[in-house]
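> Dumping the structure here so I can ask a few things about it.
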Amino acid sequence: MSGTQSTITDRFPLKKPIRHGSILNRESPTDKKQKVERSSSHDFDPTDSSSKKTKSSSEESRSEIYGLVQRCVIIQKDDNGFGLTVSGDNPVFVQSVKEDGAAMRAGVQTGDRIIKVNGTLVTHSNHLEVVKLIRSGSYVALTVQGRPPGSPQIPLADSEVEPSVTGHMSPIMTSPHSPGAAGNMERITSPVLVGEENNVVHNQKVEILRKMLQKEQERLQLLQEDYNRTATQRLLKEIQEAKKHIPQLQEQLSKATGSAQDGAVIAPSRPLGDALTLSEAEADPGDGLCRTDWSSGDASRPSSDSADSPKSSLRERSYLEEAPERSEGVQDAEPQSLVGSPSTRGAPHIIGAEDDDFGTEHEQINGQCSCFQSIELLKSRPAHLAVFLHHVVSQFDPATLLCYLYSDLYKQTNSKETRRVFLEFHQFFLDRSAHLKVPVPEEISVDLEKRRPELIPEDLHRLYIQTMQERVHPEVQRHLEDFRQKRSMGLTLAESELTKLDAERDKDRGTLEKERACAEQIVTKIEEVLMTAQAVEEERSSTMQYVILMYMKYLGVKVKEPRNLEHKRGRIGFLPKIKQSMKKDREGEEKGKRRGFPSILGPPRRPSRHDNSAIGRAMEIQKSRHPKHLSTPSSVSPEPQDPAKLRQSGVANEGTDTGYLPASSMSSATSGTALSQEGGRENDTGTKQVGEASAPGDCLDSTPRVPTTVFDFPPPLLDQVQEEECEVERVAEHGTPKPFRKFDSIAFGESQSEDEQFENDLETDPPNWQQLVSREVLLGLKPSEIKRQEVINELFYTERAHVRTLKVLDQVFYQRVSREGILSPSELRKIFSNLEDILQLHVGLNEQMKAVRKRNETSVIDHIGEDLLIWFSGPGEEKLKHAAATFCSNQPFALEMIKSRQKKDSRFHTFVQDAESNPLCRRLQLKDIIPTQMQRLTKYPLLLDNIAKYTEWPPEREKVKKAADHCRQILNYVNQAVREAENKQRLEDYQRRLDTSNLKLSEYPNVDELRNLDLTKRKMIHEGPLVWKVNRDKSIDLYTLLLEDILVLLQKQDDRLVLRCHSKILASTADSKHTFSPVIKLSTVLVRQVATDNKALFVISMSDNGAQIYELVAQTVSEKTVWQDLICRMAASVKEQSTKPIPLPQPPPCEGDNDEEEPAKLKVEHHDLSVAGLQSPDRVLGLESPLISSKPQSHSLNTPGKSAAEHLFVTATQFAKEQHANGALKEGDGGYPVTIPGPHLPVSEERWALDALRNLGLLKQLLVQQLGLTEKSTQEDWQSFSRYGPASEEVQADSGIRDLENVKACHAREGQMSFKTGTGDIATCDSPRTSTESCAAQDSVILASQDSQASNVLVMDHMILTPEMPPAEPEGGLDESGEHFFDAREAHSDDNPSEGDGAVKKEEKDVNLRISGNCLILDGYDAVQESSTDEEVASSFPLQPVTGIPAVDSSHQQQHSPQNVHPEGPVSPFTPEFLVQRHWRAMEDTCFEIQSPSCTDSQSQILEYIHKIEADLEHLKKVEESYALLCQRLAGSALPDKLSDKS
């Protein structure tokens, strides 16, 4: 018997299953060798030596009586097959012959012994092998031995009986006691004549059949009476079964009485001295089976009155059970194993099977194993049920059977799990799209259509389940009947194993574990059948596999979820995890009531009888023995154990359920499987011996497990979550997933394992808060407060679930991979980063939330704002922010490393798969668990916003909102860190793919710099595809990277990113190529919009190698806007960082304290100007001049210590720029707009030459009016003007400076235009604005930095007469009426409104201008020569001559030269040095022409100058148009026709 388990797998391929059948269905009582063993000591006299017979004598007597003949027949298979059935082993007999079938036509008779099949000797073969040979072709040649045609039928037992001990045939069979003898046993001490014995056996059969028919009729009558009183589906089903069975019994009885004249039965005798133990079906009150045991020492028989029970028919049939090999195996085992109460024993009735009805073949199977009679009996026998499942899955649609079993599973599920199991039941069997759809009654389907399944109450659950089970039961019974027929033909699986299990079950209650082990092997066969399903049936097969494994797990079978099912679950969204399906109740008493098979230390999956008193004693013993903490490892085993092999549940020894055992009792458990037989089962005492090996229902492997109490998780994490009591599955040995195995419950323990703590958070949805509080409390709360409490509960619950997820990541992945050394420490750090810190933070946060919950005993939390602020602001915010940023920013690297290592390292790949299959992971992969930290951070602000939404008390609401804002700050910080990390990772990838092999020194001078380009040293701001439009016919697809200081233009080729220089032929120089760099430095970049394409932009690079214009086209307008904005901002940032302060001379101490602030202020102002000088429209127009925003504006004109000249020039410069801007905004109507990117509003380009002409016209009109004054009024005007000398000086300065700046601007423009048209020397690619803006910036800085000692300053209009330097008129602002502004109100009105306004009013009222000759005549001054000499002008002029502004202060010329300000860079026609020289000469030529106000030819001279200015401005306009045309040519676009014609 010990070798039975080890040979199961070897014997699975149907090698030698044994034929079993009921005697009731046989024609003669000569089937199988167990006839010898059927008679117990009640039938034999052990001292009778005459009972021994030899095989030869038996054959001789048989031949003499019957005269057997041997013949050969050839059978041709027809539409109904061969028309015969065979049975028996060694040899095989013809069981039945179908009337008018192929076998009957060939001459085969019932009872013929098959000698050969197609010439192959089969006398020592079993019936399965014979069936295979017969089915090998459409013809079969049989050599049979039997009675001659026309002679009486031969009992099968004659030629089949074979002693089990000696191996010889014995023709004598003992005569069993008659059923009516009531215990008086008749001993057979001598051989009985064959004819007489045959008659005795036949009479017994007839009597038994009559009695069975009578009992069945009585039972049918009782059932009908019960059904009339209470009509139930179950009673109706039993009535139908009884009505079906009665005709079968009547037919058998009629055949038996009609064949009384047939031959006799030879009863074999038993050798002396053999102790015979006959194991019949076991009377088990748990599963309803009636079995008997007889021993050779019994002196009497139990009465047959036990058949009067409601299951009498089953008992009658179980008495006739035959098992030839089982009895043989039992003899080799223990001869005494009595199981069951004597009251359950019945008298054995041995009868002959002389009828030839093959239609009742299933009764033979029932005679062998009554559990196949009904599904109710079968579902408690794991191995038998597994064989039946294999048959149904292979031959039929198993939906109805699985529906029946899952309904039964629902009934056995505890109340906590019923709703979930019903939802699964609905998804599998009732739903429209269910893969195992079964017919649903109309009333149920209508109800399911009306409401959602999760909203159906539990009472309806039970009703639906019961209705569906009754609905599918008839179909299940039909499958069972077909199975019995197939089994009779030997076409079912594991026949010999089931036979041995039945034999061992009678003598050893521990065989239930062997049944489970056998069922486990059969389940693998079922999985193989399901694996072969078509691809379209894959999901259906997975669902069937899930249901089967669920039910087998419920029966205690060790099931292992296959890898393919785990993978399929990802595609089958509805498929739930098996691990949760059977949460058993922990109370032993409740389990005893529900199942009748209580387990003290485990779930009720090991059926056995129970003793309530023993359960109570066990409870007391367990409570007294249970340790508070885990026992030490030293008490378990002296050998060290691999931590990876330890179960997380604690103790595990071949499925041992003693999760917590005293240390002193563990030594006996180390023997593994070498335990006593009694230790492997549950005794009637109800207690398990400490150290015994329980049923291997938990263990998936056959190797013994060394028990241990070492727990894998560190002590700080052992008691995190202990509010609820629940079960989880063990983490498998070596990380192997065991999805279907759960931890055995620890019914009386005070502490929980870490896995049980994890189970607390396995629910995806938080529990309803309203279920946690009393109804009285709920009635006293407002609806808003109830919702607030629910959100708070969700916050607490999800935090606990997140802690559990982090623990899974730590324990299932990090700790294990660290222990097993799969990854190096550096790789561990890259993947798991600072997981310990994150876990510690959230564990602490979870503990604080628990404290808040405990503080509010009613579960209604009043104030939480202060707690939230503590958690998410201050130190808590900083810790969480930085820790989360470190962890989350590492995600891209971690996921990339996991992906790459799984491809390269098979060991790591296997580990990850095993760990991900762990039920604790809830079907999440490692790459899904790592991002949960980021997901948690996004949930905080949402939850806090909802709490604030439902909070009515304003102070509390504000606190919660403030905490929510802090959570957003944390999230933003982490988001930024993640973006930067992702960008860094992408840059590293781009750097690896960067290809610089196409760079050639001949194409680009700085090729070495490009070859050494390192993208990883910079931060990436933006990336994306752009198209570079080189010209009209050529465009290049680019992948552009905007880094913090450069713009990189790459080309994608295969997997490479190519860095390449491109060139094009310029229109001006057709014989040469212009090379463009693929890397653009943002410090020299200007951005402009393309007028003809709203998806394109110009990027103008002012590099040392010349100006380069790139026309880049985005895919959409919005993308272009993003690119333009980001490039402008980054360019401004780079310029701001690279700008160095300009050294300015320190003012003398006498200038006052305010002067000390000037250099620093000007540095900052110049710094701001240089950052975005060409991108801010305000700066372009001069509105944001440093002088406007500087502190000197706040000083009045009469501030002590300040020279009047400094204020004059400050005022003049500001006024000139303001008027310039105003004029541009009011009068500008340029023909080609320019969009200036940046954060400010765009400004259109203006035609400055046109503006100058308009302003000149207005000036001409004004001067004509002023010169119209009579000669005689000149002296009076001078006298009147003398009272306003200081103010007049300012007015003069305003006018003069404006004129000079216009001269400077014109010079700059002319120089640039000249180059573009071929007249200049140095190339530039600036816009018309660029020179003006640059000069304005330099003028502002240098003007403000000058310091003058003079008090009287005369600034004169300077007209340049040379055509190379055309003069410019003042670009002062004009209002709509055409009046010219000469005041400087804006320079002082902001800070000194009183003084500024007063001075302005006086100036407007009293100032009169006079012009005489080449000079401006200032009214009110007595002597003209004070301002007309060269010496005075040179000594009093305080300005540094820069950028076109004439300066005559020779004493300061060297000290404040432009070289001191801008020492580096080449000298161009637009530099201060060049312009100063030319203006200085012009000053020398004109300063001596200043005459007194009395000159009479002044009018004609002014008109002459105006005429020259007009001519020069006309020329400037043409140059400007030519420049615009050239710019458009370079950009690949054409100007309108009118511009081309003008050029």
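From the backbone N, Cα and C atoms, a Cβ is placed for every residue, glycine too.
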> Among Ser175, Ser309, which is annotated phosphoserine in Swiss-Prot?
Ser309
> From Ser151, Ser178, Ser824, Ser1327, name the one Swiss-Prot lists as phosphoserine.
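Comparing Ser151, Ser178, Ser824, Ser1327 with the record, Swiss-Prot tags Ser1327 as phosphoserine.
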> With the ranges 597-620, 981-1004, 1149-1172 to choose from, which does Swiss-Prot describe as coiled coil?
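Feature coiled coil in Swiss-Prot: residues 981-1004.
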> Excluding the flanking five residues on each side, which residues at least 6 beyond the ends of the coiled coil (981-1004) place their CB within less than 8 Å of a CB in that stretch?
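Residues packing against the coiled coil (981-1004) from afar: 889-893, 896, 1010-1011, 1013-1016, 1018-1020, 1023, 1041, 1050, 1053, 1055-1061, 1063, 1075, 1077.
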> What is the three-state DSSP composition of the domain 'PDZ' (72-151), stated as helix, strand and coil residue counts?
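Secondary-structure composition of the domain 'PDZ' (72-151): 13 helix, 34 strand, 33 coil.
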> Looking only at the domain 'PH' (1019-1132), what are its DSSP counts of helix, strand and coil residues?
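Once the DSSP states are binned, the domain 'PH' (1019-1132) shows 19 helix, 62 strand, 33 coil.
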> Could you tell me the mean pLDDT over the domain 'PDZ' (72-151), as a whole number?
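Averaging the confidence scores along the domain 'PDZ' (72-151) gives 85.
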